[in-house]
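Peer 1: So TrEMBL lists the following for this protein:
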- 64-317: domain 'Orn/DAP/Arg decarboxylase 2 N-terminal' (DOMAIN)
- 72: N6-(pyridoxal phosphate)lysine (MOD_RES)
- 464: active site, proton donor (ACT_SITE)
């Protein structure tokens, strides 16, 4: 459905609302920031449901579609709760692949449609299967999907002990294989599922136990980002044949679960040749599935099954936007060209070998042989570095050689014009798929869109790691069109802030992100459409993990660390005004534990240089307050209360 003008939301206005201080009527949150848009999530779910309903009507299909959301894609409480709420009219359910995911799915579905499916995938032990059987006792429509043949014995034994009649499915290991990166778990040698031989043994065992009526679902998954409907139809056709065979063998089959694989078009190419795109839309996908299942079942005279899919990436990717700042850029060195005197000084300072390189370079330039010029310039620089290492030239001469070669490269148009933009972000935390598998996401500025970008740049994050950069972009480029930073950025540069947005990152990134360099996750806001002046309302806001939070993840104890540092400050602050100085340091330290690990713009930084025993204290207002408190006769504050006060 097209967005109407009054429904548009300006991301920059959201950033301003979120990042402005509370006295300025903002929320006082720090970037980076994830903006969740539940209205987009609702639209995606309804669009998926609508596509299948249209296909069912078009192909005269005699059953219905009933999807589930695989919570592994984004386990955030409010994302899962929104999906259960929005999907309730459609009997939309959840899929779990681990015990904690099963617990959250059980809890959320207690508020959902009672007919919604709870699909239990993943490797299972006694506790997992017990939870799934308890879910059936709680009147949840639970299906235990066998990933390994031996799981059947556990299901049978526990169901008899708990007096629960289970509903069982199997994951079939199809012959059809998805050849791309995301299809590495498909085919006969895939990580998951049962072969046809193993499925037959499951049927015989259930028949012997009088439990063949419990076998009701067939599941398969050939990988994410299925590139074409032709491959999709191949896999669905193979699975439908297995489904019909199971019906023939006496299983009480009701559901065919086609798994995930519904792809999204990250790069806009709509091409099956790209691993980050697909050549179909929702309606084509649904039509291919429904048509294929119907054709196979009609030929085999089998009742049409309920069609289930586990489309996670296609549901949640669009509803989330990651917004971050470019805080500075490594601009090209715009040093003025050499004067005649400086040029002569440069030549005279060269060794005989280096002067020969210079003369060769000059001769090549006169002849217009620019490739040769660059070769001689490189030789000149390399020779100068070697001589610097030997101690035969000083740093001034080395810098002069660098300046000459850079000036020369610019003069012939051979200098690298790509800049490095330093962004207030951790790639490992917020975009782990880029680092891990080279997954590209659309990244664009969210403002100044009426201005033509003047430079090209790559993005470098805050981590002390050479992999912490983004240098591959949608469209195959190794740099991104960007605007000049005004005043060199909004952090230490003191200029206007420059915001970038990464889109289609709502699936997997938050769950996969780590704490490399102890950078935690971003702040998160939930933004809904409203009739207000800016067309949006922030319905939930959560600050990102603080320094203390990420330290706790690695088993540190911030409270004890604070006490240690406070005690050291008191020891080092002996003398005039020592009490006031140590109190100011303690407050500043506590605030650092409480703040997020990311950089703070100079205008809002709480640290101000003050000449008191070499320490850096809080802002002057905070310092004055501490001085006043220290001078008064108030009762001493306990250590626990002081920690709480400092963190408030």
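Don't overthink the numbers, they just go from 1 along the chain as shown.
The backbone N, Cα and C atoms fix where each Cβ goes, and this holds for glycine too.
Automatic, uncurated: that is what TrEMBL annotation is.
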Peer 1: Which ones in the same chain are close to residue 72 (N6-(pyridoxal phosphate)lysine), with CB under 8 Å and 6+ residues apart in sequence?
Peer 2: 97, 98, 101, 312, 508, 511
Peer 1: My understanding is the cutoff is Cβ-Cβ under 8 Å with a sequence separation of 6 or more in the same chain; which residues meet that for residue 464 (active site, proton donor)?
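Peer 2: Expected: 517.
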Peer 1: Please work out the mean pLDDT for the residues of the domain 'Orn/DAP/Arg decarboxylase 2 N-terminal' (64-317).
Peer 2: 94
